[in-house]
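What Swiss-Prot says about this one:
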REGION    1-27  region 'Disordered'
COMPBIAS  7-17  compositional bias 'Polar residues'
ACT_SITE  HIS61  active site
ACT_SITE  ASN133  active site
BINDING   TYR343  heme binding site
Amino acid sequence: MEHQKTTPHATGSTRQNGAPAVSDRQSLTVGSEGPIVLHDTHLLETHQHFNRMNIPERRPHAKGSGAFGEFEVTEDVSKYTKALVFQPGTKTETLLRFSTVAGELGSPDTWRDVRGFALRFYTEEGNYDLVGNNTPIFFLRDPMKFTHFIRSQKRLPDSGLRDATMQWDFWTNNPESAHQVTYLMGPRGLPRTWREMNGYGSHTYLWVNAQGEKHWVKYHFISQQGVHNLSNDEATKIAGENADFHRQDLFESIAKGDHPKWDLYIQAIPYEEGKTYRFNPFDLTKTISQKDYPRIKVGTLTLNRNPENHFAQIESAAFSPSNTVPGIGLSPDRMLLGRAFAYHDAQLYRVGAHVNQLPVNRPKNAVHNYAFEGQMWYDHTGDRSTYVPNSNGDSWSDETGPVDDGWEADGTLTREAQALRADDDDFGQAGTLVREVFSDQERDDFVETVAGALKGVRQDVQARAFEYWKNVDATIGQRIEDEVKRHEGDGIPGVEAGGEARM
């Protein structure tokens, strides 16, 4: 998405109204020793703009950066979706923003944390946003808990400090978090660079083909650079030397022509099979076995262009899972449905009602709707009708009947957990990750990392954490408890001053 550059002014600067500015170095005063005057308009405008030049940082995912690129479809997946962006041979401009979840602007890139992987496709049918992470799962499956979760990873209201007790209190009171916390405390919680990590859509989405056939789909972006991670000591050292390590690595790699690539694969579950699969496919804390549904290659994502203006093209980029296109829909995943509202609403607050008019957020195709005016709205509506139906020749949409990207649902309005499937539980997949995926060395490092993160945690929460990990794996849980008790009072890796886990 091209950014409009400001033309250099050969004869000096101007005021905001375009008139010449007399000086950018000297204020207007009454004599050389006198006070400045209120009608020094250029001085006042300069400070007024400076006071308003920032927009609120994202509540989660505040620290990040990104780049533009291209997605090329190399395989034929038209049997799964009619979306033009995924038709054979299609090339689509993209924007990918990486981030950490918990850290604020200015926090180190190499803190242990989940990494955001927010991808926009500028398609012929509109912007398609896939707002994912570098993990295939998440801590929660109900959006009612989301705001509480984010607060538990932020700062205490009195001291303004982050607090390991608060983090573990939330996790252990919500056992569905176990799979993601295991992933986080494992080797992939500290990616060496953004280029050397995978990305995932995490949620389950609905794909619909030209014949109306439906599949539930999971996205996997597999790094062609391989997956490489940092040790606790390496991450701590880099955090103290260069808080922007990941941002710098990405920018400099692209600048010298080393363009990172990811291959996109999907898992496709036939619509009806989603109703009876042994895990609930709409539970964000679970993965879908690749033995049951192997990955299918779609194409390759390449990042090849750095932003020209970080604020205008990265900080002002407004992603939302609600931005879908024909052939791609949402699913009964509660977290996905909650995010579809919350993310767009957050962008309206953070950037403004005109958010979709900014160049980085504008779709490539023409927009025709009945949204008019509002704060900072600058589209000219002229004599267009502002209402429908109308008799003035302005078109509108009026389709009725079932929607392509819908699903069946019935029942009484209720507040309760999702129905359990045959193999559903909160600790099983986390245990499999520890026992069958981690190497012996990775298990040893995992025990050390978790024990370090539990250092200084209040004893009742610590005791609950020991049981939490024993539910994941009895042996690992006991090793964690033994390690914490053995090192009580000592400094151990993985803990910042004050007992804060490196998150």
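Glycine is treated like the rest: Cβ placed from N, Cα and C.
Swiss-Prot feature annotations superimposed on the structure.
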residue : record            : Cβ neighbours (10 Å)
HIS61   : active site       : 24
ASN133  : active site       : 24
TYR343  : heme binding site : 20
TYR343 (heme binding site) to HIS61 (active site) - Cα separation in whole Å: 11
Cα distance (Å, whole number) from ASN133 (active site) to HIS61 (active site): 10
